[in-house]
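Here is the structure we will look at, set down as structure tokens.
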Amino acid sequence: MVNFKQFWTKKTLVGLGLGQFLSLLITSTGFSSSELAKRGINAPTSQSFLNYVLLSVVYGSVMLYRRQALKAKWYYYVILGLVDVEANYLVVKAYQYTSITSVMLLDCWSIPSVMLLTYIFLKTKYRYRKIAGVIVCVAGLVMVVFSDVHAGDRSGGSNPRKGDLLVIAGATLYAISNVSEEFLVKNADRVELMSFLGLFGAIISAIQISIVERNELKSIHWTAGAAFPFFGFSLAMFLFYSFVPVLLKISGSTMLNLSLLTSDMWAVVIRIFAYHEKVDWMYFLAFVAVAVGLIIYSGGDKDDDQSRADVADQGTERSKHFDEEAGFDNLNRGNTVGSSKMGDTSRHDCMTSSGGRETNENTSIGKDMQALLIPLSL
């Protein structure tokens with residue numbers, strides 16, 4: 001029998017609660033983007049720009065206050081920022097062509113993408129039960145595409161099939177971003193990740209805005225009805241980005257993407273009861289397929305979860321090992337401070353050893369990030 005006291009641990013409850021909070025934030029960004037699209041505002045990069053600025057200012061200030069050395073190479077954050085900016089651009093752009101329900105459902109594509117990336121780059125093993133669950137989820141995604149074709153003008157967009165393709169492409173980039181962030185938050189530092197993601201994301205967004213959306217921003221007639229969803233989107237995205245690393249460190253990227261699936265349900269409920277819009281009957285079949293796929297995926301694979309945790313936490317264990325060695329060296333340096341000559345020698349050896357450890361740690365992180373990000377950017 002299942003021991004519910006062991007299942008409903010504090011970590012499990014925090015993960016579930018935080019996942020649903022992030023799910024509601026994603027739902028709010030979806031409705032903000034949909035509202036802006038209805039008003040003829042087509043500036044997806046500009047919507048995300050303020051979020052990156054907030055990240056760089058808030059977390060950059062904390063990082064400057066700490067004055068700590070970087071734990072990962074800066075150019076990995078450049079690649080991650082580029083992937084993240086384009087993922088946001090494609091998904092927000094999709095609201096111009098398809099319905100909010102289709103966007104929220106097709107985001108599920110990030111789950112098989114995450115599984116593939118973790119299998120290739122993080123060496124995570126998945127049983128046939130999990131693979132079968134993903135296949136059923138993908139079947140539900142296919143139903144969404146056929147639903148848009150079947151519904152036609154009722155789908156809420158000018159070109160539903162084009163919008164669906166944009167969402168799938170954006171979800172793939174989201175998967176790359178999530179797996180990379182999970183690796184960095186467990187091997188580097190959450191504040192460092194957020195500050196550099198915000199910095200390079202803001203720079204890349206500013207360049208893209210000056211090229212693609214400059215005229216669009218000039219043509220926007222700013223009213224309260226347009227400004228509220230525009231800035232509300234940025235605030236919700238800032239909160240989302242701030243709490244995503246916490247969930248990634250607790251439960252991993254797969255749990256994150258599974259939690260965000262409930263945003264689809266929130267979106268449909270709000271669409272039916274708040275906007276009184278009709279939903280095509282194939283959406284409900286897609287919901288059933290996705291729900292069944294999730295039950296199959298999450299059922300009875302404790303060993304796989306432990307294996308994934310072991311792989312993902314290798315960097316954390318390595319970091320603890322370095323910290324223990326550093327503390328031992330500091331203790332030795334304190335014990336030898338009585339002799340001037342021996343104290344100088346001890347300090348020299350400690351600095352050399354510490355520098356070697358830092359170089360080895362950064363080199364190890366660099367090699368892992370090369371394996372994860374560089375091939376995906378080619």
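Our numbering is plain: 1 for the first residue shown, then up by one each step along the chain.
Cβ from N, Cα, C; glycine included.
The transmembrane segment annotation in TrEMBL covers 49-65 (among others).
Here the transmembrane segment (74-91) has Cβ contacts under 8 Å with residues 44-45, 47-48, 52, 103, 107, 166-167, 169-171, 173-174, 176-177, 180-181, 184, 193, 196-197, 199-201, 203-205, 208, 237, 366, 369, 373-374, 376-377 of the same chain, all six or more residues outside its ends. Taken from TrEMBL, the feature transmembrane segment applies to 74-91 (among others).
Under the heading transmembrane segment, TrEMBL lists 97-122 (among others).
Positions annotated as transmembrane segment by TrEMBL: 131-151 (among others).
The transmembrane segment feature in TrEMBL is assigned to 163-181 (among others).
The transmembrane segment annotation in TrEMBL covers 193-212 (among others). Long-range neighbours of the transmembrane segment (193-212) within the same chain, counting only residues 6 or more positions beyond its ends whose Cβ lies under 8 Å from a Cβ of the stretch, are 43, 45-46, 48-49, 51-60, 62-63, 74, 77-78, 80-82, 84-85, 89, 181, 184-185, 241-242, 245.
Annotation source TrEMBL lists transmembrane segment at 224-248 (among others).
Among the features that TrEMBL reports, transmembrane segment is placed at 255-275 (among others). Distant neighbours of the transmembrane segment (255-275): 15-16, 18-20, 22-24, 26-27, 30-31, 100-101, 104-105, 107-108, 110-111, 114, 175, 178, 244, 247-248, 283, 287, 290, 294, 297-298; these residues of the same chain sit at least 6 beyond its ends, with a Cβ under 8 Å from one of its Cβ atoms.
As annotated by TrEMBL, transmembrane segment applies to 281-299 (among others).
Residues annotated as region 'Disordered' in TrEMBL: 303-364.
As annotated by TrEMBL, compositional bias 'Basic and acidic residues' applies to 305-324.
Residues annotated as compositional bias 'Polar residues' in TrEMBL: 332-343 (among others).
The annotation compositional bias 'Polar residues' is assigned in TrEMBL to 351-364 (among others).
Most Cβ pairs within less than 8 Å of the transmembrane segment (97-122), among stretches 49-65, 163-181, 224-248, belong to 163-181. The list of residues near the transmembrane segment (49-65) in space but at least 6 beyond its ends in sequence, with Cβ under 8 angstroms from a Cβ of it, reads 81, 85, 191-192, 194-195, 197-199, 201-202, 205-206, 209, 231, 233-234, 237-238, 241-242.
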